[in-house]
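The structure appears below as structure tokens.
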Amino acid sequence: MQTLRQELTDRDREIAGKDEESERDKQTLRQELTRKEAEVTRAEETIRREQQQIQEMRQRETELVQAKDREIALQQQLGEKEQQIQEMRQRETELVQATDREIALLQGEKSQQSASYTCQVSGPGLTSATVNQPTHVLVQLTDSSGRPHSPPLNVTAQLELVSKATRTTTIWPWSKKQETLPNESHVSVAMTSPSQYEVSYTPVSRGQHKLHVQVNDREINSSPFAVTMYPDPRQLGHPVRTVTGLNLPYGIVFNSHQEMIVSEYLGHRVSIFDIRGQKIRTFGSHGGNPDKMKLPAGIATDDTDNIYVSSWHKLQKFTSSGELIKCIGQLGSEEGEFDVPRGVTLYDNQVYVCDRDNHRIQVFDLDLNFVRSIGSRGKGRGDFDAPLDVTFDTAGNMYIAEFSNGRVQVMDTSGQFIRVFGQEGEGKLHGPSGLHIADNYVYVSDYSGHCIVVYETSGQFVTSFGRRGQEEGEFPFCITSCAGGFIHVC
């Protein structure tokens, strides 16, 4: 019995142990099932995301296909437009060719009319003119046999402004502002004979112009012609301002800074003024030493603003600040000696000095080394009697004012005579002392006549202004310089 009970107990224990094991297996299975369910959930989520991505890719693919279709449609439209443009260009080319043929036909007709004409152009207005003064050019047209061309040809002309013309308005005697002037020159053409046409115009502004002359709308040979318009000297001579406090000013010149440099004859010094007319400085004092001055007269400057002064029997070179660089000369008639030197000017890197009482022009280099002498005393061509001033025109011709001969003599730089004027008739000079050339006109100060006399460079008298007196516009002695755009009279 006891054994049976023991077996039952053991069996119950065995059964209990199996139940516990079974429970553990169930628990393990439950955990495995939970894990598997989580994996399935994650797999389903991944599948959903992949399906969404596939859907988006299909949507983008659809959009790309649609864009490609639109691009193809646009390319087709572009091709159609290019074809239309090509057709338009073709039509344009055909029209141009047709126009060229018409022009060629018209030119052929005109050339048949004018192929054998000969043209000659002359007249005072062909190279220069004066503002507000009418001038003209004559155009002569003939056929090959010299007879008037038939039928008459169509002649036209225009005046073209090349350089800006300006009006100068005075603010101070040495400063000015400029404003552009209108170019309203009227040009007219009139047939004066069966073979001659007159081109007339009156310039309204100075400066460089081009005169175009056409026959049957074609420029003739040498057209356009270069024409220089000069100001009217008859409008000059109005006083601008008077500067006082100088002790007999003689020479005036301007440096590159537009400072006015004045030699004071009885002050034995040189005074320098700024653009407003205020005195900046002076240098020089009375004496016979090389750095001293006695009765300084002629004055000039070079490109570096060095100052050249003719003093008593000597020629001095100073820096712009008044420091002496070199002094040459003594009383005498040899090379480099002077007897009352007067006007000084620079041309082509040489210094020209009027040696008054030696009746000659002495020429030096910029270091004041003697180069040559021009002229001797006399009344003939190439002779001088008391030359007081010398200057040059743009062509390099030399103009000399002879006080005692009462004339202006023109020579080349080697001293060869060209012409003389001022000795007789209207514009007769009584004692020329100063010279300046501007705008194709020669301005001469007539010391004894107390006036400024204006000539063309050819020597033709133009006008004069001034009279004896002490008021504005009246000249007691009339030693003149023209610089900075104004006429300066001492």
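Using the three backbone atoms N, Cα and C, a Cβ is placed for every residue, glycine included.
TrEMBL annotations: computationally assigned, not manually curated.
Residues annotated as region 'Disordered' in TrEMBL: 1-46.
TrEMBL lists 7-46 with the feature compositional bias 'Basic and acidic residues'. When the compositional bias 'Basic and acidic residues' (7-46) is classified with DSSP, helix, strand and coil residues number 40 helix, 0 strand, 0 coil.
Look at TrEMBL and you will find 111-229 tagged as repeat 'Filamin'.
Within its own chain, the repeat 'NHL' (325-367) is flanked in space by residues 251, 290-291, 297-302, 306, 308-319, 373-378, 383-392, 396, 398, 400-401, 403, 413, 434-435, which lie at least six positions past its ends and keep a Cβ under 8 Å from the stretch. Among the features that TrEMBL reports, repeat 'NHL' is placed at 325-367 (among others).
Residues or ranges marked as repeat 'NHL' in TrEMBL: 371-414 (among others). Within its own chain, the repeat 'NHL' (371-414) has Cβ neighbours under 8 Å at 298, 335, 342-343, 345, 347-348, 350, 352, 354-357, 359-365, 420-423, 428-437, 442, 444-445, 447, 455, 457, 459, counting only residues six or more beyond its boundaries.
Secondary structure of the repeat 'NHL' (325-367) per DSSP, as helix, strand and coil residue counts: 3 helix, 25 strand, 15 coil.
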